[in-house]
Amino acid sequence: MKSVLSLCIASLFFVACNQDLKTEEAATAETPNQQEFAIIIHGGAGTILKKNMTDSMEQAYKAKLTEAIKTGHEILKNGGSSLEAVQRTINVMEDSPLFNSAKGAVFTHEGKNELDASIMDGATLNAGAVAGVTNVKNPINLAYEVMTNSEHVLLSGKGAETFAKEKGIEQVDPSYFFTQRRYDGLQRILEREKQDSISKATAFYDPFIKDEKFGTVGCVALDKNGNIAAGTSTGGMTNKRYNRIGDSPIIGSGTYANNATCGVSSTGWGEYFIRGQVAYDISAQMEYAEKTLTDATQNVIQEKLTKLGGTGGIVALDHYGNPSMEFNTEGMYRAYMNDQGELTLGIYKENEN
């Protein structure tokens with residue numbers, strides 16, 4: 001009897017040890033490699049087709065995306081904060097006429113440029129945003145100022161511009177934002193409205209706009225302290241009216257960051273991103289459903305957003321530094337760099353790159 005009992009105890013001990021070994025092996029296999037730091041950016045999603053892109057224009061976009069992401073990567077490499085990296089990276093794209101943000105912003109129906117931006121700190125869940133500003137050279141810097149030096153989260157219009165002046169944020173004459181390419185895009189839509197009596201919604205789909213449709217820029221960064229930050233800056237939609245505001249300055253829609261889960265920056269048809277709370281939904285699925293970043297972003301963009309009728313994409317980093325660049329459009333300007341300095345760059349769908 002004692003022999004049988006001893007055999008049973010030995011068997012149970014072996015099974016328990018073996019189970020512990022399997023659990024440890026599984027945990028090791030499922031734990032991603034922790035990046036010391038990482039950065040990811042987008043320059044907008046939309047009807048971006050290789051057949052519509054000249055070689056020189058493609059190289060110009062790739063060069064500017066590379067310049068932008070290397071700017072932030074260098075900050076992170078030298079121990080700088082994710083918030084600083086996000087701002088400076090977005091500044092590079094805001095200062096370029098290639099992207100629908102600040103210098104390259106599209107025009108409203110009235111022929112003006114109205115700019116939106118937001119930024120969020122994943123360490124504290126603090127955030128700042130501005131909407132409808134017309135004379136702020138770099139709206140992302142003003143959004144940061146709202147976050148760090150006011151009791152508010154979102155300021156708009158003249159009030160935001162007054163705040164910018166009080167805080168010494170660089171302001172410019174509105175003519176600074178004029179680019180012939182964007183102005184011509186507006187004129188084409190206005191002409192078609194006269195000729196075809198097309199609706200305002202249809203105007204957003206004008207085939208001549210191509211890559212101008214969703215030209216928002218954004219960045220997510222993870223620094224050496226494990227802090228995630230995300231930011232987004234845009235000129236909105238061509239021919240927008242009535243001081244329309246999209247998702248870019250809306251925390252949870254256009255921008256979201258939480259050290260416990262991920263950071264997200266969105267680009268696309270803003271109304272749908274607001275309705276779906278796209279950026280926050282990705283984080284929530286990771287937190288409450290324990291999904292990976294990849295699974296969460298695929299579900300939100302390819303299933304939930306698409307079912308709503310929305311189009312666009314996101315870039316995101318989880319707290320390990322793993323990237324996601326998910327979109328349901330023909331293309332998205334995008335780039336990612338890990339802590340080894342390895343660069344991933346894309347414009348079109350994977351089979352077109």
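Quick reminder: no glycine exception, Cβ is built from N, Cα and C everywhere.
Note that the coordinates shown come from a computational prediction; the quantities given were computed from them, not determined experimentally.
Summarising the annotation, TrEMBL assigns signal peptide to 1-18.
If you look up TrEMBL, you'll see T216 marked as active site, nucleophile. On its own chain, T216 (active site, nucleophile) has H42, G44, F99, N100, S101, T232, S233, T234, S248, G254, S266, T267, G268 as residues at least 6 apart in sequence with a Cβ closer than 8 Å to its own Cβ.
Look at I245 (substrate binding site): DSSP puts it in coil. Residues or ranges marked as substrate binding site by TrEMBL: R244, I245, G246, D247, T267, G268, W269, G270.
Proximity of D247 (substrate binding site) to non-local residues of its own chain (separation of 6 or more, Cβ distance below 8 Å) is seen for S253, G254, S266, G268, G270, E271, F273, I274, V278, given in sequence order.
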